[in-house]
Amino acid sequence: MDKLIKTISESGSFRAYALDSTETVRTAQEKHNTLSSSTVALGRTLIANQILAANQKGDSKITVKVIGNGSFGHIISVADTKGHVKGYIQNPGVDIKKTATGEVLVGPFMGHGQFVSIIDYGTGNPYTSSTPLISGEIGEDFAYYLTESEQTPSAVGLNVLLDKEDKVKVAGGFMLQVLPGASEEEIARYEKRIQEMPAISTLLESDDHIEALLNAIYGDEPFKRLSEEELSFECDCSRERFENALLTLGKDELQAMKDEDHGAEIVCQFCQTKYEFSEADLEELIND
(Lines of atoms letter the chains of each structure in order from A; the text may use other names.)
(Lines give C-alpha, C1' and ligand atoms only; values in the text may rest on other atoms or scores of the structure.)
Protein backbone atom coordinates (compact mmCIF):
# COMPACT_ATOMS: atom_id res chain seq x y z
CA MET A 1 0.00 0.00 0.00
CA ASP A 2 1.31 3.44 -0.93
CA LYS A 3 1.74 5.93 1.89
CA LEU A 4 2.67 9.51 2.74
CA ILE A 5 4.52 10.38 5.95
CA LYS A 6 4.15 13.89 7.38
CA THR A 7 6.97 15.20 9.56
CA ILE A 8 8.05 18.42 11.23
CA SER A 9 11.45 19.48 12.52
CA GLU A 10 11.76 19.59 16.30
CA SER A 11 12.23 23.36 16.06
CA GLY A 12 8.88 23.62 14.25
CA SER A 13 10.50 25.61 11.44
CA PHE A 14 10.36 23.03 8.64
CA ARG A 15 7.90 20.41 7.50
CA ALA A 16 8.55 17.56 5.13
CA TYR A 17 6.39 14.98 3.40
CA ALA A 18 7.86 11.78 1.99
CA LEU A 19 5.80 9.38 -0.06
CA ASP A 20 5.75 6.05 -1.83
CA SER A 21 3.43 6.24 -4.84
CA THR A 22 4.55 3.10 -6.67
CA GLU A 23 1.18 1.32 -6.78
CA THR A 24 -0.63 4.56 -7.63
CA VAL A 25 1.49 5.16 -10.71
CA ARG A 26 1.57 1.47 -11.65
CA THR A 27 -2.25 1.43 -11.64
CA ALA A 28 -2.35 4.58 -13.78
CA GLN A 29 0.05 3.01 -16.28
CA GLU A 30 -2.05 -0.16 -16.49
CA LYS A 31 -5.35 1.70 -16.89
CA HIS A 32 -4.10 4.12 -19.55
CA ASN A 33 -1.56 1.83 -21.25
CA THR A 34 1.01 4.64 -21.21
CA LEU A 35 4.43 4.39 -22.83
CA SER A 36 7.64 5.46 -21.05
CA SER A 37 7.67 9.28 -21.26
CA SER A 38 3.90 9.53 -20.80
CA THR A 39 4.07 7.19 -17.78
CA VAL A 40 6.72 9.33 -16.07
CA ALA A 41 4.94 12.61 -16.85
CA LEU A 42 1.54 11.35 -15.64
CA GLY A 43 3.15 9.75 -12.58
CA ARG A 44 4.94 12.93 -11.55
CA THR A 45 1.67 14.86 -11.86
CA LEU A 46 -0.19 12.33 -9.69
CA ILE A 47 2.55 12.51 -7.03
CA ALA A 48 2.48 16.33 -7.06
CA ASN A 49 -1.28 16.24 -6.52
CA GLN A 50 -0.95 13.71 -3.69
CA ILE A 51 1.37 16.19 -1.96
CA LEU A 52 -0.97 19.14 -2.62
CA ALA A 53 -3.98 17.20 -1.32
CA ALA A 54 -2.10 16.26 1.86
CA ASN A 55 -1.87 19.99 2.61
CA GLN A 56 -5.65 20.42 2.54
CA LYS A 57 -8.28 19.78 5.21
CA GLY A 58 -11.95 18.81 5.17
CA ASP A 59 -13.55 17.35 2.05
CA SER A 60 -11.67 19.47 -0.47
CA LYS A 61 -11.04 18.26 -4.02
CA ILE A 62 -7.84 19.33 -5.70
CA THR A 63 -7.43 19.40 -9.47
CA VAL A 64 -3.98 19.79 -11.00
CA LYS A 65 -3.67 20.61 -14.69
CA VAL A 66 -0.27 20.61 -16.33
CA ILE A 67 -1.07 22.34 -19.59
CA GLY A 68 1.70 22.29 -22.17
CA ASN A 69 1.99 22.92 -25.89
CA GLY A 70 4.17 19.85 -26.50
CA SER A 71 3.50 16.24 -27.48
CA PHE A 72 1.92 15.26 -24.15
CA GLY A 73 -0.96 17.70 -24.46
CA HIS A 74 -2.63 18.28 -21.10
CA ILE A 75 -2.18 16.17 -17.96
CA ILE A 76 -5.15 16.27 -15.58
CA SER A 77 -5.30 14.90 -12.04
CA VAL A 78 -7.95 15.08 -9.31
CA ALA A 79 -7.25 14.19 -5.67
CA ASP A 80 -9.19 14.27 -2.42
CA THR A 81 -8.07 14.60 1.19
CA LYS A 82 -8.50 10.87 1.85
CA GLY A 83 -5.47 9.81 -0.17
CA HIS A 84 -7.30 9.04 -3.44
CA VAL A 85 -6.06 10.36 -6.76
CA LYS A 86 -7.00 9.81 -10.40
CA GLY A 87 -5.65 11.25 -13.62
CA TYR A 88 -4.98 10.96 -17.32
CA ILE A 89 -2.64 12.28 -20.00
CA GLN A 90 -3.98 13.39 -23.39
CA ASN A 91 -1.25 11.57 -25.30
CA PRO A 92 -0.36 8.28 -23.58
CA GLY A 93 1.93 7.19 -26.41
CA VAL A 94 5.08 9.33 -25.97
CA ASP A 95 8.13 7.08 -25.68
CA ILE A 96 11.43 8.97 -26.06
CA LYS A 97 14.72 8.16 -24.33
CA LYS A 98 18.27 9.48 -24.54
CA THR A 99 20.21 7.11 -26.78
CA ALA A 100 23.37 7.13 -24.65
CA THR A 101 21.86 6.68 -21.18
CA GLY A 102 18.33 5.37 -21.71
CA GLU A 103 17.00 8.24 -19.58
CA VAL A 104 13.29 8.83 -20.18
CA LEU A 105 12.69 12.37 -21.46
CA VAL A 106 9.81 14.50 -20.18
CA GLY A 107 10.53 18.25 -20.25
CA PRO A 108 11.02 18.68 -24.01
CA PHE A 109 7.64 17.07 -24.67
CA MET A 110 5.71 19.08 -22.08
CA GLY A 111 6.62 22.33 -23.79
CA HIS A 112 5.62 25.78 -22.57
CA GLY A 113 2.45 26.28 -20.57
CA GLN A 114 0.95 26.49 -17.10
CA PHE A 115 0.83 24.55 -13.84
CA VAL A 116 -2.74 25.08 -12.64
CA SER A 117 -4.27 24.16 -9.28
CA ILE A 118 -8.02 24.30 -8.56
CA ILE A 119 -9.08 23.72 -4.95
CA ASP A 120 -12.78 23.02 -4.48
CA TYR A 121 -13.80 23.44 -0.85
CA GLY A 122 -17.36 22.34 -1.62
CA THR A 123 -18.71 25.88 -1.19
CA GLY A 124 -19.32 26.52 -4.88
CA ASN A 125 -16.38 28.92 -5.17
CA PRO A 126 -13.28 26.95 -6.16
CA TYR A 127 -9.93 28.69 -5.77
CA THR A 128 -7.77 28.66 -8.91
CA SER A 129 -4.11 29.63 -9.15
CA SER A 130 -1.45 29.04 -11.77
CA THR A 131 2.20 29.62 -12.57
CA PRO A 132 4.12 29.20 -15.82
CA LEU A 133 5.99 25.97 -16.49
CA ILE A 134 9.68 26.69 -15.96
CA SER A 135 11.14 23.41 -17.22
CA GLY A 136 8.31 21.03 -18.09
CA GLU A 137 9.87 18.40 -15.82
CA ILE A 138 6.83 18.81 -13.49
CA GLY A 139 8.78 18.49 -10.20
CA GLU A 140 10.54 21.83 -10.73
CA ASP A 141 7.31 23.35 -12.00
CA PHE A 142 5.50 22.16 -8.87
CA ALA A 143 8.19 23.63 -6.58
CA TYR A 144 7.94 26.94 -8.44
CA TYR A 145 4.15 26.88 -8.07
CA LEU A 146 4.40 26.31 -4.29
CA THR A 147 6.95 29.10 -3.84
CA GLU A 148 5.28 31.66 -6.12
CA SER A 149 1.56 30.93 -5.82
CA GLU A 150 1.31 29.65 -2.25
CA GLN A 151 4.12 31.93 -1.02
CA THR A 152 5.85 29.05 0.77
CA PRO A 153 9.53 28.43 -0.07
CA SER A 154 9.64 24.76 -1.04
CA ALA A 155 12.00 22.07 -2.26
CA VAL A 156 10.44 19.20 -4.18
CA GLY A 157 11.76 15.96 -5.61
CA LEU A 158 9.55 13.45 -7.39
CA ASN A 159 10.14 10.80 -9.99
CA VAL A 160 9.02 7.53 -11.55
CA LEU A 161 11.60 4.84 -12.33
CA LEU A 162 10.87 2.17 -14.95
CA ASP A 163 12.26 -1.34 -15.36
CA LYS A 164 13.72 -2.81 -18.57
CA GLU A 165 10.22 -3.47 -19.91
CA ASP A 166 9.23 0.17 -19.18
CA LYS A 167 6.88 -0.93 -16.40
CA VAL A 168 6.77 1.12 -13.18
CA LYS A 169 9.52 -0.05 -10.85
CA VAL A 170 9.20 2.59 -8.13
CA ALA A 171 7.59 6.03 -7.77
CA GLY A 172 7.63 8.58 -5.00
CA GLY A 173 9.03 11.85 -3.79
CA PHE A 174 9.27 14.50 -1.10
CA MET A 175 8.37 18.08 -0.30
CA LEU A 176 10.23 20.28 2.19
CA GLN A 177 8.78 23.64 3.22
CA VAL A 178 10.11 26.50 5.30
CA LEU A 179 7.62 27.59 7.98
CA PRO A 180 7.36 31.03 9.61
CA GLY A 181 9.99 31.61 12.29
CA ALA A 182 12.82 29.68 10.67
CA SER A 183 16.19 31.30 11.36
CA GLU A 184 18.64 32.18 8.59
CA GLU A 185 21.08 29.69 10.09
CA GLU A 186 18.51 26.87 9.94
CA ILE A 187 17.53 27.76 6.38
CA ALA A 188 21.19 27.70 5.32
CA ARG A 189 21.67 24.24 6.86
CA TYR A 190 18.64 22.76 5.11
CA GLU A 191 19.51 24.43 1.81
CA LYS A 192 23.01 22.93 1.97
CA ARG A 193 21.61 19.45 2.62
CA ILE A 194 19.10 19.71 -0.22
CA GLN A 195 21.82 20.88 -2.61
CA GLU A 196 24.09 18.01 -1.58
CA MET A 197 21.49 15.24 -1.36
CA PRO A 198 21.72 12.37 -3.86
CA ALA A 199 19.54 12.47 -6.97
CA ILE A 200 15.90 11.60 -6.29
CA SER A 201 16.26 8.59 -8.62
CA THR A 202 19.13 7.28 -6.45
CA LEU A 203 17.09 7.69 -3.24
CA LEU A 204 14.08 5.96 -4.79
CA GLU A 205 16.29 2.94 -5.53
CA SER A 206 16.90 2.48 -1.76
CA ASP A 207 15.35 -0.51 0.04
CA ASP A 208 13.12 1.87 2.02
CA HIS A 209 13.04 5.05 0.01
CA ILE A 210 10.79 6.95 2.42
CA GLU A 211 13.41 6.56 5.18
CA ALA A 212 16.18 7.40 2.71
CA LEU A 213 14.35 10.59 1.73
CA LEU A 214 13.78 11.66 5.34
CA ASN A 215 17.42 10.96 6.24
CA ALA A 216 18.59 13.03 3.28
CA ILE A 217 16.28 15.92 4.22
CA TYR A 218 16.94 16.08 7.96
CA GLY A 219 20.46 14.65 8.32
CA ASP A 220 21.24 14.79 12.06
CA GLU A 221 18.42 17.27 12.82
CA PRO A 222 15.77 15.84 15.15
CA PHE A 223 12.24 15.65 13.73
CA LYS A 224 8.82 14.29 14.66
CA ARG A 225 6.57 12.01 12.63
CA LEU A 226 3.10 13.54 12.62
CA SER A 227 1.09 10.99 10.63
CA GLU A 228 1.12 8.21 8.08
CA GLU A 229 -1.61 8.26 5.44
CA GLU A 230 -2.54 5.66 2.82
CA LEU A 231 -2.50 6.63 -0.86
CA SER A 232 -4.11 4.98 -3.89
CA PHE A 233 -5.27 5.51 -7.46
CA GLU A 234 -9.04 5.45 -7.19
CA CYS A 235 -11.71 6.75 -9.55
CA ASP A 236 -15.13 7.79 -8.26
CA CYS A 237 -16.92 7.40 -11.59
CA SER A 238 -20.19 5.49 -11.63
CA ARG A 239 -22.96 4.44 -14.01
CA GLU A 240 -25.33 6.81 -12.21
CA ARG A 241 -23.00 9.76 -12.82
CA PHE A 242 -22.90 9.04 -16.57
CA GLU A 243 -26.68 8.53 -16.66
CA ASN A 244 -27.01 12.05 -15.26
CA ALA A 245 -24.57 13.30 -17.91
CA LEU A 246 -26.69 11.70 -20.64
CA LEU A 247 -29.83 13.34 -19.24
CA THR A 248 -28.25 16.77 -19.75
CA LEU A 249 -28.17 16.11 -23.52
CA GLY A 250 -31.95 16.42 -23.74
CA LYS A 251 -34.59 14.02 -25.06
CA ASP A 252 -34.07 14.78 -28.77
CA GLU A 253 -30.37 13.97 -28.60
CA LEU A 254 -31.05 10.77 -26.63
CA GLN A 255 -33.71 9.73 -29.16
CA ALA A 256 -31.24 10.26 -32.02
CA MET A 257 -28.64 8.22 -30.14
CA LYS A 258 -31.17 5.41 -29.71
CA ASP A 259 -32.40 5.44 -33.31
CA GLU A 260 -29.08 5.99 -35.10
CA ASP A 261 -26.48 4.40 -32.81
CA HIS A 262 -28.77 1.82 -31.13
CA GLY A 263 -27.21 2.59 -27.78
CA ALA A 264 -24.27 4.44 -26.27
CA GLU A 265 -20.86 3.67 -24.85
CA ILE A 266 -19.16 6.10 -22.49
CA VAL A 267 -15.54 5.69 -21.42
CA CYS A 268 -14.32 7.42 -18.26
CA GLN A 269 -11.28 9.56 -19.14
CA PHE A 270 -9.73 9.04 -15.72
CA CYS A 271 -9.83 5.24 -15.45
CA GLN A 272 -10.92 3.95 -18.88
CA THR A 273 -13.95 2.11 -17.42
CA LYS A 274 -16.58 1.54 -20.12
CA TYR A 275 -20.29 2.07 -19.47
CA GLU A 276 -22.71 0.56 -22.00
CA PHE A 277 -26.24 1.94 -22.43
CA SER A 278 -28.61 -0.19 -24.53
CA GLU A 279 -31.59 1.07 -26.54
CA ALA A 280 -33.79 0.06 -23.61
CA ASP A 281 -31.57 2.04 -21.20
CA LEU A 282 -31.83 5.13 -23.40
CA GLU A 283 -35.61 4.69 -23.71
CA GLU A 284 -35.82 4.64 -19.92
CA LEU A 285 -33.81 7.88 -19.73
CA ILE A 286 -36.00 9.50 -22.40
CA ASN A 287 -39.12 8.64 -20.40
CA ASP A 288 -37.55 9.66 -17.09
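Glycine too: its Cβ is placed from the backbone N, Cα and C atoms.
Annotated features, as they stand in Swiss-Prot:
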DISULFID  Cys235-Cys237  disulfide bond
DISULFID  Cys268-Cys271  disulfide bond
Let me know the DSSP-derived helix, strand or coil state of Cys237 (disulfide bond), please.
coil
Roughly how many angstrom lie between the C-alpha atoms of Cys235 (disulfide bond) and Cys271 (disulfide bond)?
6
Could you state the whole-number distance in Å separating the C-alpha atoms of Cys268 (disulfide bond) and Cys237 (disulfide bond)?
7
Please report the DSSP secondary structure of Cys271 (disulfide bond), reduced to three states.
coil
Measuring Cα to Cα, tell me the gap between Cys237 (disulfide bond) and Cys271 (disulfide bond) in whole angstrom.
8
